[in-house]
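Annotated features, as they stand in Swiss-Prot:
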{"type": "COMPBIAS", "residues": "1-10", "note": "compositional bias 'Basic and acidic residues'"}
{"type": "MOD_RES", "residues": "S46", "note": "phosphoserine"}
{"type": "REGION", "residues": "1-22", "note": "region 'Disordered'"}
{"type": "TRANSMEM", "residues": "81-101", "note": "transmembrane segment"}
{"type": "TRANSMEM", "residues": "149-167", "note": "transmembrane segment"}
{"type": "TRANSMEM", "residues": "173-193", "note": "transmembrane segment"}
{"type": "TRANSMEM", "residues": "201-221", "note": "transmembrane segment"}
{"type": "TRANSMEM", "residues": "234-254", "note": "transmembrane segment"}
{"type": "TRANSMEM", "residues": "261-281", "note": "transmembrane segment"}
{"type": "TRANSMEM", "residues": "296-315", "note": "transmembrane segment"}
{"type": "TRANSMEM", "residues": "337-356", "note": "transmembrane segment"}
{"type": "TRANSMEM", "residues": "363-382", "note": "transmembrane segment"}
{"type": "TRANSMEM", "residues": "424-444", "note": "transmembrane segment"}
{"type": "TRANSMEM", "residues": "530-550", "note": "transmembrane segment"}
{"type": "TRANSMEM", "residues": "568-588", "note": "transmembrane segment"}
Amino acid sequence: MAKSEGRKSASQDTSENGMENPGLELMEVGNLEQGKTLEEVTQGHSLKDGLGHSSLWRRILQPFTKARSFYQRHAGLFKKILLGLLCLAYAAYLLAACILNFRRALALFVITCLVIFILACHFLKKFFAKKSIRCLKPLKNTRLRLWLKRVFMGAAVVGLILWLALDTAQRPEQLISFAGICMFILILFACSKHHSAVSWRTVFWGLGLQFVFGILVIRTEPGFNAFQWLGDQIQIFLAYTVEGSSFVFGDTLVQSVFAFQSLPIIIFFGCVMSILYYLGLVQWVIQKIAWFLQITMGTTAAETLAVAGNIFVGMTEAPLLIRPYLADMTLSEIHAVMTGGFATIAGTVLGAFISFGIDASSLISASVMAAPCALALSKLVYPEVEESKFKSKEGVKLPRGEERNILEAASNGATDAIALVANVAANLIAFLAVLAFINSTLSWLGEMVDIHGLTFQVICSYVLRPMVFMMGVQWADCPLVAEIVGVKFFINEFVAYQQLSQYKNKRLSGVEEWINGEKQWISVKAEIIATFSLCGFANLTSIGITLGGLTSMVPQRKSDLCKLVVRALFTGACVSFISACMAGILYVPRGAETDCVSFLNTNFTNRTYETYVCCRELFQSTLLNGTNMPSFSGPWQDKESSLRNLAKCCDLYTSTVCA
């Protein structure tokens, strides 16, 4: 009876589910008779099939699984082997490139050396830092440290005196630049906020580091060649901007219009700096420079990081590196941060100045030399009298970029630079127009009392001439250099560098030095001194930029910022002037003198600086004896080509011997 009911229910369920196959119905009934449901049967068959397939796949994948586990156990060894093979391949490539043409491979060789140096520093710090600290423990002895300081300071003073005595014996005019440094130091000390609190260790260390670095990059042949090469590479690198500018604006505009020639360089350089910041390279370099300045000069971590950062970023971007610490900084530290901003230029505008034709190596040298000098003079003008919270370098950390990948960093850098380009263009338009208005007004006022040609530049040339002379500029060049220094301080450094580039272009194009009693260009030494003296944001318009940037970061310290900004402005300007004095002390003429006899014997038709110099030499060697046939002295004597060369020079330049 139960079985018949079971069959009936099974048939009903099957008919309800739409199953009309009798074979399936009989199988289902048989299984149900054994007390098993349909689901249990199905699951049993599926499990058997799954186990079979799983076992098969395990057997197939077993070699790959073993290989993966073997690699995971020896992953470190495999990475080292792969890295070693790549290093060997790169070393072979570098060796082949250097053997074929070392000059062509010099850039790659220098980059490789820098990478090796960075890796070596990381290795030494990781494995030998504690041992080095233990070795330096004896120096913590107060008496020993005092004697070491005295010996070192005495040796430095004696070395400086001997060097000045021997070096200035050949070029006594360099003593004028040394007197200029002393003059600026005395003026700043007289303006010091706390005379008795001045840390002379910081002052002398800062000036000493600036002087040593100046010797390396200006006086020594390897250092000069290295920075000259670096400047050339930067110029080549910045020239790639033309590709993008020409595509967007066209070749004609890029070649002839300043806005399309120089300003796009700021965008390109801003993009590159953003990439380097994303990779952490900028932070690494800033930290190393700040660490060195801190251990030598005894400054605190926050202010040192900000001043070191000013070598690469602008006066409003550098405080962002230490933004979390600005509220707790002392007045002396804030003064140092502001002075560093006024005393240096940003890496982004460095490219724009180079595009003007300004010497790249001088700009780079001036930017780096300004950092220790800015800290030194800042502590001279506003010494530390409070207790700082940032005496240990561990208390300050540099932030990393917020970008998630390198493409985002490049895009953000280019986009952010647009505001800087607009700012530069707007300032140039406004200040050149203001300068033209001021000159027109002064000229109108001067003509009222029969003073002709009175301009703002003329006033600066008289007022600032003694100061420029103390930097080491020859007296004949002082009026023009004083003009551009005045324009830089009262107007803008872009306008000043543009005027300096005009003087340089006139010299290189062979324009006569004097036309109608007015000097047209300045000497090479004066150009270098002027480049150093202009290398900074210390001008009156930068006061508003600095206050606006810092006030937005720490609005609660607005009164402190307003109290310090003018003092920091003049301190930053003096940093550039002392750097110019250093350049005046260390400058020596470079390059072999031109053999004018051989040079003029070539077919010259265009005016160049060498042509002008050689023609001047020929004019001075020409003697008029009251006859139509002049005679010649010096290297031009008894040369058949002298008369022919004299005629060519007279076609290009005017002289009394050409009459």
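Glycine is treated like the rest: Cβ placed from N, Cα and C.
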Long-range Cβ contacts under 8 Å made by the transmembrane segment (337-356), restricted to residues 6 or more beyond its ends, are 231, 234-235, 238, 241, 261-263, 265-266, 268-270, 273, 302-303, 306-307, 310-319, 322, 326, 329, 363-364, 367, 370-371, 373-375, 377-378, 381, 417, 420, 424, 493-494, 497-498, 500-501, 535-538, 542, 546, 550, 561, 564-565, 568-569, 571-573, 575-576
Three or more CB pairs closer than 8 Å, sequence separation of 6 or more: does that hold for the transmembrane segment (363-382) against the transmembrane segment (530-550)?
yes
The transmembrane segment (201-221) vs the transmembrane segment (261-281): three or more C-beta pairs under 8 Å (separation of 6 or more)?
no
Near the transmembrane segment (173-193), which same-chain residues lie under 8 Å Cβ to Cβ, leaving out any that are not at least 6 residues past its ends?
164, 167, 203, 207, 377, 380-383, 469-472, 567, 570-571, 574, 577-578, 581-585
